Amino acid sequence: MSAWAALLLLWGLSLSPVTEQATFFDPRPSLWAEAGSPLAPWADVTLTCQSPLPTQEFQLLKDGVGQEPVHLESPAHEHRFPLGPVTSTTRGLYRCSYKGNNDWISPSNLVEVTGAEPLPAPSISTSPVSWITPGLNTTLLCLSGLRGVTFLLRLEGEDQFLEVAEAPEATQATFPVHRAGNYSCSYRTHAAGTPSEPSATVTIEELDPPPAPTLTVDRESAKVLRPGSSASLTCVAPLSGVDFQLRRGAEEQLVPRASTSPDRVFFRLSALAAGDGSGYTCRYRLRSELAAWSRDSAPAELVLSDGTLPAPELSAEPAILSPTPGALVQLRCRAPRAGVRFALVRKDAGGRQVQRVLSPAGPEAQFELRGVSAVDSGNYSCVYVDTSPPFAGSKPSATLELRVDGPLPRPQLRALWTGALTPGRDAVLRCEAEVPDVSFLLLRAGEEEPLAVAWSTHGPADLVLTSVGPQHAGTYSCRYRTGGPRSLLSELSDPVELRVAGS
């Protein structure tokens, strides 16, 4: 897929408390089916492909295989593909695409044409989050491939449909949610019609107060700072359109802020004093009279040291500084006395970064590196800082060079389906590694160019092949690449076979 065909995120920088809105442009087309008669939805079917940009070329994909493209005399935003009565030759899973800037754009949503009843299940999703709290308008979006239907919302445990919404000119309906529970939706083409298959179930929780945001120290600030330095902290909420607050202990920090997205804010701390390193949290509040502040984030810590105290001693266990991959390494930082905070610092191609901060009861901190790999290689040192005035800090310890040779741990790849995949469906493969902050790559056997890429800070990532057809059958593996200046590439995972039904 070309860069032009990728999703475009166009953000504007704001120095206000939070950016009011962001512009999101998705170049993918939309596809829907229209029935000639609601009483007989499969008797005369037309598929309509609508593009957000004008184009002269449309293409229908059936069961993962592209059909003959349609060339128009003049640019248009939509094209209609008449199927007529649904038969064995027209039954299938459809998507559409269009050509923009000489490249075919990523395919549309899936429309299932079965020719049978009950009608295919719709999809259901939550907006903006899957929980409710005072002051928040949570909704459920029910989406069908068939236009002009009546949508039905069901709450688990209720005998009747909870709500009914007609959508004569649309393929979706939005339902407000006021109760926690398990929801699904279906649709029908006329009042006496049989409801479609139900959608998957989504769970709505009631959370009061709202869940905590995340607070992180920006990379340039995640080092040992001198008093008088500046630092940046980023607070990210699980939804947009909220007011943020930075606190240290119970006291609000009225500092400059900026935002590039309505779900986050950057706090800028200037002229930091020696004792300004610990205890930062953030929270958010919906813009409603009923809204309460969220739970506090986990605390973020800065390390400020004036270098006036004696250097600590840093030692390793085992003493061998070329451990085997997968081993446990313990780095011990010892100060002349107790009552201090310790920071472990690593220097690599990306510079000096604080790895961890500990506040033990005694004069020694023990930093554990579990399952070490090549990404843990670097020059380690440590410092300590007084936790009481005047908050003096130490010189850095002597450096220990830790070198872990050998390949990175291999990732694991598994398919999120069983058996042969139905043509036209998406193939979702989950790649998982023990290393954080990596890009996962999906590769087909014998090919070097990745077919899908996904970034993950922690945990697995789902790699998706859209609208698979017989041409996608084969063997797949994944690998990952670490971020930063010292980029490392893992070995391939064990292979997973993708079988496509009928091929």
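In case you wondered, yes, glycine gets a Cβ from its N, Cα and C as well.
Annotation source Swiss-Prot lists domain 'Ig-like V-type 1' at 27-115, citing sequence analysis. Per Swiss-Prot, the feature domain 'Ig-like V-type 4' maps to 307-405; the stated evidence is sequence analysis. Here Swiss-Prot flags Asn137, Asn182, Asn379 as N-linked glycosylation site. If you look up Swiss-Prot, you'll see 1-21 marked as signal peptide, on the strength of experimental evidence.
Cβ neighbour count for Asn137 (N-linked glycosylation site): 12 (other Cβ atoms within 10 Å of its Cβ, all protein chains included). A coil conformation is recorded for Asn137 (N-linked glycosylation site) in the three-state DSSP classification, outside any helix or strand. Within 10 Å of the C-beta of Asn379 (N-linked glycosylation site) we count 14 further C-beta atoms, all protein chains included.
Within the same chain, residues at least six positions away from Asn182 (N-linked glycosylation site) with a Cβ under 8 Å of its Cβ are Leu155, Glu156, Thr201, Val202, Thr203, Ile204.
Mean pLDDT for the domain 'Ig-like V-type 4' (307-405) in this predicted model: 94. On a Cα basis, Asn137 (N-linked glycosylation site) lies 50 Å away from Asn379 (N-linked glycosylation site).
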